[in-house]
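Notes for the one structure printed next.
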Amino acid sequence: MASTSSGGRGEDGRPPQMQPVRSMSRKMTRAGTMMIEHPNEDERPIDSELVPSSLASIAPILRVANDIDQDNARVAYLCRFHAFEKAHRMDPTSSGRGVRQFKTYLLHKLEEEEEITEHMLAKSDPREIQLYYQTFYENNIQDGEGKKTPEEMAKLYQIATVLYDVLKTVVPQARIDDKTLRYAKEVERKKEQYEHYNILPLYALGAKTAVMELPEIKAAILAVCNVDNLPRPRFHSASANLDEVDRERGRSFNDILEWLALVFGFQRGNVANQREHLILLLANIDVRKRDLENYVEIKPSTVRKLMEKYFKNYNSWCKYLRCDSYLRFPAGCDKQQLSLLYIGLYLLIWGEASNVRFMPECLCYIFHNMANEVHGILFGNVYPVTGDTYEAGAPDEEAFLRNVITPIYQVLRKEVRRNKNGKASHSKWRNYDDLNEYFWDKRCFRLKWPMNFKADFFIHTDEISQVPNQRHDQVSHGKRKPKTNFVEARTFWNLYRSFDRMWMFLVLSLQTMIIVAWHPSGSILAIFTEDVFRNVLTIFITSAFLNLLQATLDLVLSFGAWKSLKFSQIMRYITKFLMAAMWAIMLPITYSKSVQNPTGLIKFFSSWVGSWLHRSLYDYAIALYVLPNILAAVFFLLPPLRRIMERSNMRIVTLIMWWAQPKLYIGRGMHEEMFALFKYTFFWVMLLLSKLAFSYYVEILPLVNPTKLIWDMHVVNYEWHEFFPNATHNIGVIIAIWGPIVLVYFMDTQIWYAIFSTLFGGIYGAFSHLGEIRTLGMLRSRFKVVPSAFCSKLTPLPLGHAKRKHLDETVDEKDIARFSQMWNKFIHTMRDEDLISDRERDLLLVPSSSGDVTVVQWPPFLLASKIPIALDMAKDFKGKEDVDLFKKIKSEYYMHYAVVEAYETVRDIIYGLLQDESDKRIVREICYEVDISIQQHRFLSEFRMTGMPLLSDKLEKFLKILLSDYEEDDYKSQIINVLQDIIEIITQDVMVNGHEILERAHLQSGDIESDKKEQRFEKIDLSLTQNISWREKVVRLLLLLTVKESAINIPQSLEARRRMTFFANSLFMNMPDAPRVRDMLSFSVLTPYYKEDVLYSEEELNKENEDGITILFYLQRIYPEEWSNYCERVNDLKRNLSEKDKAEQLRQWVSYRGQTLSRTVRGMMYYRVALELQCFQEYTEENATNGGYLPSESNEDDRKAFSDRARALADLKFTYVVSCQVYGNQKKSSESRDRSCYNNILQLMLKYPSLRVAYIDEREETVNGKSQKVFYSVLLKGCDKLDEEIYRIKLPGPPTEIGEGKPENQNHAIIFTRGEALQTIDMNQDNYFEECFKMRNVLQEFDEGRRGKRNPTILGLREHIFTGSVSSLAWFMSNQETSFVTIGQRVLANPLRVRFHYGHPDIFDRIFHITRGGISKASKIINLSEDIFAGYNSTLRGGYVTHHEYIQAGKGRDVGMNQISFFEAKVANGNGEQTLSRDVYRLGRRFDFYRMLSFYFTTVGFYFSSMITVLTVYVFLYGRLYLVLSGLEKNILQSASVHESNALEQALAAQSVFQLGFLMVLPMVMEIGLEKGFRTALGDFIIMQLQLASVFFTFQLGTKAHYFGRTILHGGSKYRATGRGFVVFHAKFAENYRLYSRSHFVKGLELVILLVVYQVYGTSYRSSSTYMYITFSMWFLVTSWLFAPFIFNPSGFEWQKTVDDWTDWKRWMGNRGGIGIVLDKSWESWWDIEQEHLKHTNLRGRVLEILLALRFLLYQYGIVYHLNIARRHTTFLVYGLSWAILLSVLLVLKMVSMGRRKFGTDFQVMFRILKALLFLGFLSVMTVLFVVCGLTISDLFASILAFLPTGWAILLIGQALRSVFKGLGFWDSVKELGRAYEYIMGLVIFTPIAVLSWFPFVSEFQTRLLFNQAFSRGLQISMILAGKKDKETPSTKYLGHTEESFGLEHDTNTFNHYYLWT
């Protein structure tokens, strides 16, 4: 090795630069070792997996070294040394991240191995490696050809390739022998055929996998590999500097995608990925309903159908832009080949487009030009397609990425940097939509092709001069470009702009009702009187002004996009504005002439117009004005006509539609068919009639008379300084009264929507058969038709069989056979999940073979106790006739089956055991006697029923012996003895003439000895006892005889019951027929994952919190049945699990009960298991195997053949991709959590071989001598204990930098999905095995011809929330979420037709969406709620969204108060951003009126209504504040006529329904009633109220209102991680204060002051019950907002915790802020961050903040005039003096503060003198005020109420004008004022908590309140709260223990609280 060592370690022996490494080897080795240390030696990372990203190419070498280490350690050493040399050449200075540590670690390892490794085959390294290479080739590759799988061969070829590379560095070229060279050339020639593959090993030789033998795959490959007549590309001499591989690119191509790659320069990984994608698509579509005989080629219709799907959007785009489509097919061309070329080209563009995939029309533009190039290459030559014509090809495989995608990506990156991490206004930068909509205009063709990078799209005016020292991968911000088509302006006016028709309807209806109510009669019929009707016509004037407002908003808010608009669009905006202005002038003028006896302004207009105007001119004007609305109504009634006109691109139609709506590429033709239109119109007509009637009779009419009285009153005695004392009509009073009423009027439609949606949803759910099977009793009663229903719905009938239309109770044996396979697998799965025990499993199983039993063998849980009951019935039967007894038995359906089965099974078991023919004859004769006596109706006379119980007992003993241990010595004798006893009982005790049978047997056998009887039944066949199916029969019979309890209690687990009943119930619901697996749609599942938990570690399971509670211990108490089942499973001796296996099983058991990735993956992989089982079943039926039952164990060849075919079809139909965005970083990380996530994900890949993991790989590569980061999308699979790379596709840059994280994570991985459908699953979801059977039914919903309707593009599925059983909060959230994903979405889909995509597990039409922007939108901030935008986009582009409830998936939710609040805040933020978005604007404007109403009230309108609800309380209380402080309440409202009217309170009572959360509860009650029964629903409702559900919902109302309003006003939306923990933990007071201070506490305290002031100074309505209810509801709101976080905080009222929280809060308040001080450490840091939104808001936002702050000045203004010291003076001087006092107080406080800073440390005496002087001055002033001026104690308290709000107003204004106050030097004073207020608020909130904490029972009550639901589930919270776990108990480390080994030490002195993990 000497020569190799010296020659291999550098050109000059040991290079100098390696000396530091060697000298630091010990130190660096320690660092490296630390990097790879792992507590479990078996899980220690392998060195090949620790390679730094800049050295990624050496990882395969190290993997090979590890693979051959056991075989030849010396050669493995040489491989590692070669890797080290290569690493040193790649990075000689070790500048890359982690390179130095890795090289040091590797060098240290080499030094160790050099001493211990020995030569095995030769004496020198060159000879050793050559001999090993030859041996390896001969033993593995040569012998493995045709025998090993492609996957195994791929690995062998990879090893051989690396070995030869190493060999060349060890052996000089001249010394490599011929055999080695020959083998190496053979490897080089074939290695590409054996690359690692995803699903299809396309070019692999040797043993074919089953999937490659499928005829559809062969046909698809044949079509894709048709390269006849394609010209061969060549490369220009300019590419001479390319490496050898690239120069070889032009030599050959195997398929059309390779040809496209050579022409355009697509990456090899992209080509391989899309090749498989296209083949699978073709195969899956083509095989559908096709005869497999003579199946050799793809049908032309298949390619045509695929073309139509992929290019529907492209063709629409071409028509819209009026340009010719380049999908051209010249005469004489191979149309199929050309079609596949076009499809392949689109797929390759899409596969490499990265972030540009979010821009579908940009992709259309790219494809448009490249398709033109393809056509030019193929048909543009003079001598076309002769095979020898060469065309210029792309220079390298990254040409397309570099020249097309990267420039567009850089534009995106440049724009997103203007976003400033969400702080910049949306109008300041262009998002994905803006850049994509650039291609909606014909001006996009100015980009030309190849794209001109100097075009306006790429270059900004100030980018000519580059920024100095700018890195090459950076982009300058440049000058802002205009928005495209729309500007996302941050204003509430967006709500009016988007939904103007709704607001106009509500305003005009309100005006109409007020006019009608103003009539003296008050009757609604008054509208038909002439004067009222004439007045009602004024609504058109209002309408004109509202239209003017709409036109103005359109003009102003779209101004930022004007530069991108066409002239016709700008003219439309201007014309609309001018027309609206004209009508706003004309209608009032014409109306003025029509008024009789005009006065005032109307008289002026009337005289000005002149006498030539006729009185009816106004009527003509109205007719002309409403003409467009009449046309709109016609279009509404004829949706097909509207749809045709909107989609038309004819110029005349475009001109006609120009006025109605702006021409836009999307949002055309979204109108529904007539029946759907009728349904949602009926819904809304009924709702609006109810709403308007209620508003008229309850809200408006009762207020009219008091308003008239107030209008006529004149008040002179004001109690404050009135600025307008001579004003008439008391406008202020009227506004104060009508303000809340108007707000309630605009909001209460939301209440009516909740009521009507609940009613319609309940009715529709009932008609959908929901909840027909709710309990196990119901399941048991209907189980006899379940097999028929199962086969009718979930199994395809063979060809030629008609589908049964009606289910009946006749049972077909083949139905039972089909059903039993699936049912038993379902039951076994639940056992594997520990939901049921072994015994419960046996009771639930259906026999897997029919045997010789003549009746249906039902599961034992249906037959439980039937045999004992029948025996008792027979024993006690007093009648004489057999018929009566048998009639009694048959009256119980299952009892008859049980009796017959038991009899026949006993007969078969005994008969099968006997070997002696005479013994068998006795048994036959006994059975004959039984049968003939039954037929002849003499059974009771021939048999004694009294002996039956004794026989049953003996049979039970007999069966138990048969199932006992076969190895026991007396096993046979025991069986013989009991068998003889049984025969004796039958013949002697049961049969009347039984002795005759024995005597005949004796005579027939010729034996007359009397003792022969004792020798009978001794010859038995014990081999049967080892037969599995025979033992199953014995077990089943034993269960029939022994199970006594009622089957209603089986299974015990509530979850198992729920799953069984839902599955059975779903079989009776409407669903499409199941196709054969081969005919079903193929689909993928995609799960985005970031850094969440994958699998809990052993340390996490056993880590105790401060109360000694572990996750494991906690879960044992929550799931006691499942824990018991788990212990039974792992302790089963048959499994023989090692301690290590038990530890792994324990980790999985815990992880499968949390919200972990492992749970999600397990659930999704059930799809594959179900598909394989369904395939298996179909194959067995096709081959008529075993009467429809599964093949027996003996038929192993059939089973293997069927299994291989089933797996192949499952590969074809299902793919699961988990997008682990940072998997690569986790793999290289040294942090234990990241390493754990990496290892756990790897183990998932190894456990589930078909699981695929996609991740973004970040590498350091040297480009032009400089290191830079390069990003790749990579797809992995598990292979031989490691991950194996399948595809690697280079990206133009970091994809997640452009948009929101989750959609970008999905987008990079979507290219690796397959199939026609795509299901999106979050990592906190679960799936259930039995639900997977229905997947092929669900996918049939996409079949466009199924119901004659347009096919859906998104299928919505229901969810089951599995986190509701822990605490009351979890239960509330679970119920709320469940009602939303069931009844809520049911109504949205039908009848309202406005369901979108609300998260997962929805199923997308994959091809539709990947050609239209993907399955989500990703623009920063605006698409924060990325999932719903997928639904918006789908609907706008002509999609159709449905909802289906016969299938469900599981979903977890956050269960802690703070986590729930984070979630609600995130959703409210998202809705705020939606309000600003173009999608909501376009949907709101382009839906018809009623569908628009549905859209509004189910999306942003719900949150706006929440905000109005809160605003109503404010308006009401501030209105009352105005009335009581001004004295108007006493003067006006106390008059008898006004006092009698309490309409305002009645209206507010309706509002409080929303406020208290009853709207949330209504759908919950209906859904629970439907699915569990209305008694249960009523009970749950009562329990929820007792557990303070209304407090929770009222609190969340405040969360919604705050974050929705703040988002629209100021922005600041961000993704809020909410956690996936098990349950809640105690949150400190400071944490709660930080989280809820601004959203709830400030608002709550403001309402407290309002209520106190009104209580002190107001006097009206005190006796009214409605007033009391309103007051109560407001105090309830206040209490909820102030104290809900503490009520729902575990241990929130425990004294010690309260003391600790106060200490922590004081410390936090006192800490100073500064750079680097986090917000949870210092109040100053938090206070600064709380104002972050004001730093970045615009001028409008600041002005609004100041205006809102001015309301706090009203308190001081009103209260000072009510002070006794004011002596009823109402001059303005009083108010001025109050300000002087306030400023004096603030000045004194400032002096104290400054004195403390100046004198506090060095001049203590001076500071004390200052304080003394101030104190004396204060006493003097107070004395004078009390004695001289008449100040009272009540005045002091009133002054506090007056001045506190004023100080808060000053503080808010100071924050809004921060820069101004800083400039004036007052900012420190503002900060100190803020700190003082925080202290006051904290003290006010904390005091009640501290008082309640004094009483221990409060804490106990709170615990019961929080965890009552868990108590009802058996959760022993009392044990957890009472004491810690017994430390002496054997640890829960491994689960070789039973449940009893986990005890609790009862200690009443331990802390009475508990923390659990999040």
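Here the Cβ of each residue, glycine as well, is placed from N, Cα and C on the backbone.
Under the topological domain names given by Swiss-Prot, T1770 lies on the same membrane side as T1903.
Below 8 A, the CB atoms of the transmembrane segment (1772-1792) and the transmembrane segment (621-641) form no more than two pairs separated by six or more positions in the chain, fewer than 3 in all.
Residues of the same chain lying 6 or more positions beyond the ends of the transmembrane segment (674-694) and with a Cβ under 8 Å from any Cβ of it are 509, 513, 636, 639, 748-749, 752-753, 756, 760, 1390-1393, 1488, 1490-1491, 1493-1494, 1550. Here the topological domain 'Cytoplasmic' (752-1496) returns a mean pLDDT of 86 for the predicted model. Within the chain, the topological domain 'Cytoplasmic' (557-569) has long-range Cβ neighbours (under 8 A, six or more residues past its boundaries) at 427, 438, 441, 482-487, 489, 491, 493-494, 497, 658, 662-663.
Using the rule of three or more Cβ pairs under 8 Å, pairs at least 6 apart in sequence, the transmembrane segment (1743-1763) is in contact with the transmembrane segment (1836-1856). Residues 1368-1369, 1371-1372, 1375, 1460-1461, 1464, 1506, 1509-1510, 1554-1558, 1560-1561, 1564-1566, 1568-1569, 1640, 1676-1677, 1679-1681, 1684-1685, 1687-1688, 1905, 1908-1909 of the same chain sit 6 or more residues outside the transmembrane segment (1577-1597) yet have a Cβ under 8 Å from a Cβ within it. Against the transmembrane segment (621-641), the recorded stretches 536-556, 1813-1833, 1836-1856 differ in Cβ pairs under 8 Å, and the greatest number is found for 536-556. Outside the transmembrane segment (536-556) by six or more residues, the chain places 493, 496-497, 500, 503-504, 507-508, 511-512, 515-516, 527, 573-574, 576-577, 579-581, 583-584, 586-588, 591, 618-619, 622, 625-626 with a CB less than 8 A from a CB of the stretch. Summarised by DSSP class, the composition of the topological domain 'Cytoplasmic' (1764-1771) is 3 helix, 0 strand, 5 coil. Residues 718-722, 1825, 1829-1832, 1834-1835 of the same chain lie 6+ residues outside the topological domain 'Cytoplasmic' (1764-1771) yet bring a C-beta within less than 8 angstroms of a C-beta in it. If you look at the topological domain 'Cytoplasmic' (642-673), the same-chain residues 6 or more away from its ends with a CB under 8 A from one of its CBs are 316-317, 319-320, 322, 361, 437, 440, 485, 568-569, 572, 628, 632, 635-636, 680, 1349, 1393, 1433, 1435-1438, 1482-1483, 1485-1488, 1491. With DSSP states grouped into helix (H, G, I), strand (E, B) and coil, the topological domain 'Extracellular' (695-730) comes out at 18 helix, 0 strand, 18 coil. With DSSP states grouped into helix (H, G, I), strand (E, B) and coil, the topological domain 'Cytoplasmic' (557-569) comes out at 10 helix, 0 strand, 3 coil. Residue counts of the topological domain 'Cytoplasmic' (642-673) by helix, strand and coil are 16 helix, 0 strand, 16 coil (DSSP-based).
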